[in-house]
């Protein structure tokens, strides 16, 4: 493995890094006036990076040819799958942002650059073949995210969200680092294949603690119970485009990383972590469902809904099988589309003066004042609840299918029965939208880009999305084959 | 007509019309919905005429591998054919019933109805397990909206109850389906119907399916969503709910539970009998004390559905055929009864029985049709109700004479509550001035009740038209479950036949 080969494999990261640095200079000289140009160029850079990673996914790249820097970095089909989702959702959040921030006169040139650096970090997370790559990627994402959460400097809620995210995130990173050091101490390596090999003959108690601490740190990043407490506050406080970003890209990166660590590094010791994941999955489903019932702010509701969905995605991981991992990727893709659709619709909820409406009660009777928007939100709600024929059902279907194939019937039955609790609060939103008398609050005009994104994401989660299930499943399977071959 | 995708066309017509409806005004949406449902009805009749009675079990098959994990496979047998006919027949009536009574958000209403029609048809046509599930579950969304937007005072509570009850039942069935597909290695329903699962697995699978179908049916004691939903749904919503939606439970039992899990069905048959006996007696008694007409008919639906379940789990041909006939007849009769209630509700805006009285004087034509449907609901010979109930009870008598005895009291109680209802509404003095001033049926209403009335009589006088298409399917099903049939306590022995007797009536006639 020579350096030129390695540098070729990280071409997407190089593109994004150079773009980020150059745009930083543009921002330094151009100031906030250049923010629109920087946004456009950032989206172009992200799209270019997507184009660069796509061949690896289509070709199902895997094995030693795809590992760079002596196995520290994998540019295989799995990382490509995750990166396409990450870069795609980052680009979408950039498109969503300008009209929102301009409302508060705080569209700053740094925003797209921070998103780009966060995306590089997330790309590294899903490509990690070594605990150090993992940590560098994670911190790169986190530091950018903390700033993004507090991006509305004059807004108390945004500052609070940033601070909370930072304090708790730093704590989680510390715990993760502690787990990594334990793992290193008891296995003698930071490389995933070597850790796996070292644990082949049994699991020392110290390494078990390492797994548990690492899981705690990673559960924070994907906002799984019991490390979910920050989610509602951060989702509510952060500017809505940033919330869209948090709900999509870091989730994909977090799950990608979790799958790398658990299925590659600790793949041989699945018995040690399987029951932890089962617990986290069921707890997330139940807590997410129950917590959402009392919410009156739609962004907080979406936060609990994301906790709930994280639980369902973890059901796939709990199976420890390839089918489960494939199901997770399919679910993640659909979940990203649902979140994009949901938050775009939330961004379009504006009153006559252009203020953003987040109170669910104020959406009463939206179906009569803005039928298209209400239909989109209702579709998102039914899809998140997993009611066919919307595509959200397919996500649940594949992970539960994997659970049944792995003979985990109790997990599947409890998980799916708990989804009925979740259906209750989604129905509540639909009830407000469709059954209540119009409150006539949401009357503001919507940005044309928001409309375009909403239409496309809604088309994806509509029954037409089922036509893509074959293609999606095949690609997800290529990705997980590469994941398991990375050892 | 082989090769022509008539089933897909029947799904496509209402779906396309539903989309167009959203962009039309009230008048256009009404006419388009009526036209689309009539086109579907014509297609349904064409389906019936082209259905080869006694031919292949599965006809009009289509299959395309469009999705991952399951395929778009459609096809019908005689059982599905009859339920499809019921659906496409009731739908134009439903649109007619909401012609004037629905005034707000008409185009969305018609859209929801057309989507419901397509999904219901999909349930009966699907030949792939997961395709079936998608249609089965998706029906919840439009029905939730119909009850919640256009329902009465307590509509929100009713819509939640309807949605969450049925969803909880169905998700467990999904897990069972996933397990079955994983074990049998196919999602194709006809293959699964012939697949023998181990008796132990059957028990769990049967219970999971039961959780779904019992709620949809609905069986006592999980029937409580039905009165709530019915009372609050608009008239046409009630008609379609009672007429077709409830049949999905029965269809589920006959298509899945019985052929796929015969041993478990036999094992749990006494439980079904027990629940059905309880349902017949309890819900009939509850119906007797209702002040609300729609609630009364809703409870009578639960009692009738109990006759369906005892017939299904009688494990013989009479019982199965009888159940199908009760389902078809109940679809027409309860639909017609809800329509009758809707007609006077439109005039007086109350469902309270005591606000009416003496309608025979000012609404003689209405009284005549209402009487016909009342008699059909009771099961008077010559009406459709008699054929099914008689066959079902004859069937269950062979399996369990006690069950037959107690379920037959349902007929007597049914006569009691229906005649009591009829007496209070139609006979007696005209004690309320506004009720006495109501106008008799207009042409639109006469047309709707007339077609329903004629079909009720047709099914009662010449049931062979409806028995013929399903005879071979019922026979195949009976042969499939015969190995598990419980020994009956009645010990019925056939009489000796006259040697010269010639069987004539069994040629397919329609």
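Glycine too: its Cβ is placed from the backbone N, Cα and C atoms.
Transmembrane segment is the annotation TrEMBL gives to one range among B:31-51, B:472-492, and that range is B:31-51. Taking pairs at least six residues apart, the transmembrane segment (B:296-315) and the transmembrane segment (B:201-219) share three or more Cβ pairs below 8 Å and count as touching. On the 0 to 100 pLDDT scale, the model's mean across the domain 'NADH:ubiquinone oxidoreductase chain 4 N-terminal' (B:58-122) is 86. Mapped onto DSSP classes, the domain 'NADH:ubiquinone oxidoreductase chain 4 N-terminal' (B:58-122) shows 41 helix, 11 strand, 13 coil. At the 8 Å Cβ threshold, with sequence separation of at least 6, the transmembrane segment (B:31-51) comes into contact with the transmembrane segment (B:6-24) through 3 or more pairs.
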